[in-house]
Amino acid sequence: MNNQAYGVTPPISVANSTPKENELNDSLIKELKSRGSFESETATKKRVEVLNILQSMTEEFVYKVSIKKNISEGMARDVGGKIFTFGSYRLGVYGPGSDIDTLVVVPKHVSRNDFFEVFYELLKGRSELEEIAPVPDAFVPIIKIEFAGISIDLIFARLDIPRVPRDLTLDDKNLLKNIDEKDLRALNGTRVTDEILQLVPKPTVFKHALRCIKMWAQQRAVYGNIFGFPGGVAWAMLVARICQLYPNAVSAVIVEKFFHIYSQWAWPQPVLLKQIEDGPLQVRVWNPRLYALDRQHRMPVITPAYPSMCATHNITSSTQKVILSEFQRGIELMNDINVGKKSWSDLLERHDFFFRYKFYLCIVAATRSTYAEHLKYSGMVESKLRLLVQKLELVEGIELAHPYVKSFENGYYCDNAEEAHEIMNLYGTSKGDDRVKGVLHAENNDNNKENVENKVELHMTKLFIGLKLDLSKEGEKKLDIQYPCAEFFNICKGWQDFDSEKHFIQIKNVKLYDLSDDVYVDGETRPIKIAKRKRAVSKNEGKKKPKSVGTVSAA
């Protein structure tokens, strides 16, 4: 029995698992395996081999830069350089096809420019490299690579120390001194994941429970920080807290308690894995007593590593309602699973987002240019979607503005600008599906320049918000969302690289029965509108609820 104290409060129960709970746990692991949650031993060994190569390359990178900066041969060999992992790989919850979040840590004489020049060239010289995409201007500068069949996100941090030996750990807060904000953000990922693993009583129990909750959150479409839902680190911390409260429980019990505890949680009381610490930096630490912005956080989940921050600051009124509703569904299903009425597969059933609402807003970001340029623009629009959600929540008549957590992309080569505009105007609807039949797909071009000469290249990304309306007020006819849409357009057009000749943004209202086919997956039958019989119009017709959201202007 594990009697060590974990967390900011005593445990709720230190009871060991019962035979029935162990049986339930076995069936959970079996379900996760059947859904491909675990990677093969061979694939995992390959990851380790690739990380060993990257470690050697990091040392070679630091050596080359050191020599270039007139450091002696002996010292250049000794200054080191080390890689750290973070995210799902470090937490031990990765699956087939998962990427590896990797941090390259270097001594003080190696710069970020060196990373994007010298290390970049070293990577390009490797036969294992399949793809490489440097993004030096990102919030956390990154080099994305496909290396020996594995996707890897490489970020960089320079420490204010002369050597980075292989046995260096990042738990000493003093290592954060005299570094810039980008370095601090880069180091934070590894420091947070390392602390989470140190703060759970039984790491294996935590990992299996997290695999389940992560899969549940993805299946139920409540996973994604950028869209106003918890991201991977936040879900990990939420699971870790339950592990602290039930230190001797098996993973199946952790999952059950997860839903019960968080559906009754006194939000906005924060979820903490340890007391918030002070440190040596003049940086802001999460503190709702001091900062008004921190008081606005609806479901705060606080990172354990200094400087502590809220990992769920993007949650809105609507996304909180959606999350709490999913917690309640989880409770009901766990009750049935416990008595054998339901199975784990019912808990992990796919969401019904594209069946749930009568009205949807389809936000279209379009670029008449290359796919690479479109990715930058559409990424910016995605990052701003939650701001539109927040503005819609203030509109009278909107009870819920529910963002979907994935985008859909398509590219076409159009005959002319008029055809491109027509396709754009219908994109996201069933009519749009019909319109593009026979139009050359940009992704299927195979770089055949003869096929696309004099064509207009068009790339589009669509995002969806489901609207739950309450138009019960007497005489309420229309929902006016012109103002929040206009504000959103202005935000997008305020992007520093916005070009009105190339970049376009639209918001259109689409009814359930008019959604495009690609939002449904194999096995789902899209809703079909049943034609109603015509009837006589009564004199009270004007008092009934409206049948549409009204027209939304496009920009």
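Heads up, residue numbers simply count up from 1 along the chain you see.
Positions of Cβ are set from backbone N, Cα and C atoms, glycine also.
For the ATP site, Swiss-Prot records Phe86, Gly87, Ser88, Asp99, Ile100, Asp101, Lys214, Tyr223, Gly232, Val233, and the single candidate of Asp153, Asp160, Asp167, Asp278 listed with them is Asp153. Looking up the ranges 1-20, 181-200, 421-440 in Swiss-Prot, the one annotated as region 'Disordered' turns out to be 1-20. Of all Cβ atoms in the shown protein chains, 19 besides its own fall within 10 Å of the Cβ of Lys391 (site 'Interaction with RNA').
Here the Cα atom of Asp99 (Mg(2+) 2 binding site) is found 7 Å from that of Asp153 (ATP binding site). Taking the recorded positions Phe86, Phe139, Tyr223 in turn, the residue surrounded by the fewest other Cβ atoms inside 10 Å of its Cβ turns out to be Phe139.
Classification of Asp153 (ATP binding site) by DSSP places it within a strand.
Sequence-ordered, the extra residues of this chain that approach the Mg(2+) 2 site, with Cβ no more than 8 Å from the Cβ center of Asp99, Asp101, Asp153, are Gly87, Tyr89, Ile100, Thr102, Lys144, Ser151, Ile152, Leu154. The helix, strand and coil residue counts that DSSP assigns across the region 'Disordered' (1-20) are 2 helix, 0 strand, 18 coil.
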